[in-house]
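Only one structure is covered here, and it is reproduced in the block below.
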Amino acid sequence: MRIAKILLPVSKLFPLDYLITEDLELNIGDLVVVHFRNQELTGIVWELATNSEAKKIKTIKAKVPLNLNISLEVLALIKWMSSYYMSELGSIAKLVLPINIAEKPIKIKEQQVKNYFVLPQLSEEQKQAVTIFNESNKPTLIKGVTGSGKTEIYFHIIADHLMKGQQVLIMLPEIALSRQIINRFIDRFGFEPIIWNSSVTKAQKKMILRGILSDKVKVVIGARSSLFLPFHNLGLIVIDEEHDDSYKQDDNILYNARDTAIVRGVFDKAKIVLCSATPSLETIYNIKTHKYQLVTLVNRYKNIDLPNIEIIDMTKEKLPKNSYLSKILIDAIKGNLENKKQVLLFLNRRGYAPLMLCKACGHRFTCRFCSAWMVLHKATKTLECHHCGYQSKIFSSCPECLEDETLTICGPGIERIEEEAMLLFPKSKIAVISKDHAKTPAKIAQLLHQMENLEIDILIGTQIITKGYHFPNLTLVGVIDADLGSNNAELRASERTFQLLHQVGGRAGRGDSKGVVYLQSYYPDNIIFSYVKVGDEDSFFTNELEIRKAANMPPFSKTASLILSGFSESKILDIAKNIVQIAPKANVKILGPARALMSKLAGKYRYRILIIADKKFNLQQYLKFWLSLIKIPSYCQIKIDIDPKTFY
């Protein structure tokens, strides 16, 4: 009897036994077609055996056409992911094979890679960066001020790998970034890279997967999930904007795509480039401990000056009611527009206002299913929860005390800033970019095209606009609320605020004219602003690392979170307490249980347990043993978050 254990791309499934027919020759990693629950699926040959304990064994139907297979390197990555992030093999296989490629054959278009490329001349600083990268196999961080030409450096590195016939993966935190990168790529290399994201159709994904497996696809640009594409000849992984939180997946499998990419590079013997003007503290730590190497660019491309940073003390501003732009900022915008230059107004808050409340009884409009305020969206005339998507109408009277004309809104969102800008600058062409206003890559591309062609005078945006866009005529950036996010209790609040302000400021003055950035703040003495103002990220990183070390928090320790959720708060809390009580004794620190910052989400109450351990401690082994000591009832969902980025 010949048995193959087949790994199917089905959540929470382990490899299943199937019988191999006499005429079928199989190797580990081969892709096969099998019957599973009244359907035919593509599976991976995970293991070969001569016997099975299963009572009924189905027979493998066939091998996938063209003898396609998953490399041993990708299989090793699946095993590592399952072990490190404590997730089921089937769930991870679903990332590698997100669709069934065993259906009728599809013609695969081969990328026509030229043997020459039109690449611009690098500066001496950039040439030195390429040389340093080539001389070591360590992951290399290209750290440079915004506009220093980091993309051009990794384009030159990509060219070297394409000349060797290798496959290349370019990872972006948001696929919204891809249009400008794609256009620049086509200009340099003469062919269009493959895009891998959630908007790609099933038919396209099937074609792309087959193209990758057959080595006909050479370059892919994608977000998190592109990391798991089954390359056979992967030579280079570029992780652009490596600091970005979007690389961490916070649903289904909880994993960090940046960190996993480093591991994939080890398995595939692929070289790694990380790029950022504001690297993560983890990456800075890895450089200081000599795990990564550093390339620093101190000059903008063509030696363009960095923008001036001006901090506006909002405690000294006397703003009219429902106004959020200071006189200093308004005057600066007027001058900028008179000079035919573009303006970016940044506020990392969607909608019109973050809170509606009753002045009579104090009632706050919160989500029925979450512990979150409902955000007013004037454009759609709705109150919306940005966590679960619940919407309701805008009330004319208070539903609690029934009083009329007592409802008021607090604080601005970008829709409110748009309204104010339209009143102040009625002749200007104003556009808004956020997840609400640009829901598709095509819409984002349209807005970017309008900005590049000077069809927009004032662009108002959320965090989406901070991610690497290049607008040569944009010379003024106004940050409406520079305090937003810096005063909460999150471990990484200071780091995120510094990165965000530095990144958004970097959109200004990328052409021939010097830029200026205005930060509006009610706490102008915040030390973060002083680092941003002088561009001293090294001192910021040093100070932040000292704070983390004193608190024994990452990157100086390991952390994991257990998130328990369910519809009965008392039952979930009881289970959480029981879990903590039976924790095996070890050299770990256990905090909690405590309500999660988002204590209710989509109708479920949430409690969190945080575990802190030494970097050499086997946290996964400890958690596996710990959780085996208790049976979790079906009404309680438990998630394990290894290396949590947030504690919401």
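Counting starts with 1 at the first residue shown.
For all residues, glycine too, the Cβ spot is worked out from N, Cα and C.
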In Swiss-Prot, which of 240-243, 320-323, 568-571 is tagged motif 'DEAH box'? 240-243
How many Å lie between the Cα of C398 (Zn(2+) 1 binding site) and the Cα of C367 (Zn(2+) 2 binding site)? 15
Argmin Cα dist to C370 (Zn(2+) 2 binding site) over the binding-site residues G144, K150, C358 returns C358
Looking only at residues six or more beyond either end of the motif 'DEAH box' (240-243), which have a C-beta under 8 A from one in the stretch? 141, 151, 154, 170-173, 177, 181, 258, 274-276, 278-280, 283, 467-468, 499
Apart from C358, C361, C398, C401, which residues in this chain have a Cβ no more than 8 Å from the mean position of the Cβ atoms of those residues at the Zn(2+) 1 site? K359, A360, G362, H363, P399, E400, L402, E403, T406
Distance [Cα-Cα, Å, rounded] between V145 (ATP binding site) and C388 (Zn(2+) 2 binding site): 37
Do you know offhand how many angstrom separate K150 (ATP binding site) and C401 (Zn(2+) 1 binding site) by C-alpha? 58
